[in-house]
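Undergrad: When I checked Swiss-Prot for this same protein, it listed these features:
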SIGNAL    1-29  signal peptide
BINDING   D119, D173, Y175, N177, D182  Ca(2+) binding site
BINDING   D119, R139, L262, Y263  carbohydrate binding site
CARBOHYD  N152  N-linked glycosylation site
BINDING   E171, D173, D182, H187  Mn(2+) binding site
Amino acid sequence: MAISKKSSLFLPIFTFITMFLMVVNKVSSSTHETNALHFMFNQFSKDQKDLILQGDATTGTDGNLELTRVSSNGSPQGSSVGRALFYAPVHIWESSAVVASFEATFTFLIKSPDSHPADGIAFFISNIDSSIPSGSTGRLLGLFPDANVIRNSTTIDFNAAYNADTIVAVELDTYPNTDIGDPSYPHIGIDIKSVRSKKTAKWNMQNGKVGTAHIIYNSVDKRLSAVVSYPNADSATVSYDVDLDNVLPEWVRVGLSASTGLYKETNTILSWSFTSKLKSNEIPDIATVV
């Protein structure tokens, strides 16, 4: 059968369009398989619109994030609490029981004129409308409400006191508050809905030196792990198995929190990055900040 000149021109065009649509369809399918969020702050500007600052937290001082209050000459102040949360929610799990894996890293500088720095920094995950609990300065790290527990009580119900329904945190605790279950030394710990850590490890905090905290959640093993280190020094490592869909709501925000009390320290964040990945049939919500 003879093919007209017009038909011979149409066939290559039709073939090209068909192949193009196949490629587009393939790309779209693979994109929908992953719901991801990524951000990275190598420095912090004075008007950092993609952070939700709470309490005494400020940005822009030498390109850093100051979580707790400092004076005009940079000296730390007592009884301060501050938090910074990333503006975009994180899809941490979905109804099909798929849970996201995530990784967070931040560099920090804790400096204190006191012989006992206090009280520490925490990376935390909470509900999207999370705010600083009342009375959460000092040992409560800006994460847990003050339950007014009688200090001379010989028994403390930790299931009812100093807890929060939707908090998962990794704490860098510079001051041991043994009356609420802390070990008798500075430590890192994993907190699940309570200031009393599920697991702790001794931490040799170095006053005035830059350290790095690296946090990983493996959704396959359901293991939350953290490593805190300084250059040319031994690292502190802690891990705990937790199923996040039993602890957290489906959508959460991630943040950094810090507090001071009677004793004080600077709680300075120099950089912060976060990546999460959830296998899903939904279109991904990806935010990137450099």
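Just so you know, glycine gets a Cβ as well, placed from its N, Cα and C.
Quick caveat, the model's predicted, so the values are computed rather than measured.
Relative to the rest of the structure, where do these features sit?
TA: A C-beta separation below 8 Å, combined with a sequence spacing of at least six in one chain, links D182 (Ca(2+) binding site) to R139, D173, P176, S197, T200.
Listed in sequence order, T137, G138, R139, L141, D173, T174, Y175, N177, A258, S259, T260, G261, Y263, E265 are the same-chain residues six or more apart from D119 (Ca(2+) binding site) with CB atoms under 8 A from its CB. The secondary structure of D119 (Ca(2+) binding site), as reduced to three states from DSSP, is coil rather than helix or strand.
H187 (Mn(2+) binding site) falls within a strand when secondary structure is assigned with DSSP. There are 24 other Cβ atoms within 10 Å of the Cβ belonging to H187 (Mn(2+) binding site).
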Undergrad: Where does R139 (carbohydrate binding site) sit in DSSP terms: helix, strand, or coil?
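TA: Its secondary structure by DSSP: helix.
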Undergrad: Around the recorded Mn(2+) site, report the further residues of that chain (criterion: Cβ within 8 Å of the mean position of the Cβ atoms of E171, D173, D182, H187; site residues excluded), sequence-ordered.
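TA: Result: G120, L172, T174, Y175, P176, N177, P183, P186, I188, G189, S197, T200, W203.
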Undergrad: Looking at Cβ-Cβ distances, which residues of the chain lie under 8 angstroms from E171 (Mn(2+) binding site) while being 6 or more apart from it?
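TA: Listed in sequence order, they are G120, I121, A122, L141, I188, G189, I190, D191, S197.
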Undergrad: Looking only at Y175, Y263, the binding-site residues on record, which one has the least crowded Cβ, with the fewest other Cβ atoms within 10 Å?
TA: Y263
